[in-house]
């Protein structure tokens, strides 16, 4: 099977966010594979181990994203592709990303594409469903279980806490939700092997795309931090009194009861 | 510049979701005096729900009833709504940022080759441009975003943009449209309802959340009772989910759900940065924790230092009392 994973490099969830010159400051930030994409990498490896084939991990970004691709290779993916837009694109949005991915997949034989259901940074959740539409594939979002039998695929997906059982067929695009699996840590031999695995680097020229064709449809005009939440009142006295005071404050001051 | 704006309505178990009314209010802002047109897909008689959309501010509503639209599928709904878009040529489209909204709108935007601003919490018209505010990094920061080319297409986060008051003197037509639906590639075999009360975390007005301090799945019982008397629902921190006390679908945080209820009561939650990202924009936060140094107290409006198993039952009694007296 030809298995592809869409991967995004994101800030570590531990990072505090600060703004400098109208943008999120990446000064000294630690990066990780977007946690939802990690589920996609893990599931792709499991699918390959069961059905055979090859896992290719694809990312769009800068040179530095090689580190996250190597991590995916160390987990067990076979090949990686970095579509480096550092020199060509100043701005992009989900339209841009999908235009590039569509061009990338144009000449590929694909059985399944897996991605995260959302990235923890920009959190649009658009790329998976948008790409499936361009590639004319069925798309199932927020999956928590997948079984493949021939070309028939049985999926469980999370719909606001309910479980929906879906049947569909390959070729297919899915986006992964927490609960799908427990992503493995790269092993030491895995890390050694990953250094020798193929990692191709492409630019948008190589995909026959012009900058005009990938021009974003949206723009960010301002980035700001929410007002710092001030620590409130820690109540005092016996528990009974505290509870009474709390209920009275919720009713009269906060007006939420 | 006034615009014609389409609102994609959404129902759950035979009733419109509140976010549909919020989407109409948002569409009203985007339209800047233009026409707000509702569209609603489903099976059976949808005219009553269409009428409700009119009472909440839609100038007219198009309903599409088809057995293939009984349950949501991306293929079915996108075909139906796409045909309405073709007929109406709207200049804006607004929908709730719900499970269905997240699945349907990117597919439509891709078909239309348009931009899409997801999960907006605020919007204003500024000199002819619509400026949307949306959280990024799970609410650790915000961005203002505009569509630069063509259709103003956005989803709005539930609970943030107030709906207009229901006014049953408002008149507007509710018309039915026939649509051909074919080639549905995903078949829904079954739906297991886990959310008992039908209130999704993202739409809940009150959330009572438990962390590691809850200690076991039985430990969630008092939290469920508290949520019940407050008309809310239960959530959890990653710690509680990882420990197996509850289902991952309840997880609130940077991975998991981002919520903004009117009242958030954190019980036995220490307040890791990832959890705070998911809930710190709640309107009122109450923290109950044994550890006076717990980070959660730094974002709480009101804090009680104490054992949740002692505090929560007393809280339930007090609230019951004031509800009786009210």
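Backbone N, Cα and C define each Cβ position, glycine as well.
These features come from TrEMBL:
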- B:212, B:237-238, B:251-255, B:268-275, B:289: FAD binding site (BINDING)
- B:5-196: domain 'Electron transfer flavoprotein alpha/beta-subunit N-terminal' (DOMAIN)
Subset of B:212, B:254, B:269, B:272, B:275 (binding-site residues) with C-beta under 8 Å from chain A: B:254
DSSP three-state assignment for residue B:272 (FAD binding site): coil
Other CB atoms within 10 A, centred on residue B:269 (FAD binding site): 32
Residue among binding-site residues B:212, B:275 with least C-beta crowding, 10 angstrom cut-off: B:212
Secondary structure of residue B:254 (FAD binding site) (DSSP, helix/strand/coil): coil
Residues near residue B:254 (FAD binding site) in space but at least six apart in sequence (CB under 8 A): B:137, B:138, B:273, B:274, B:275, B:277, B:278
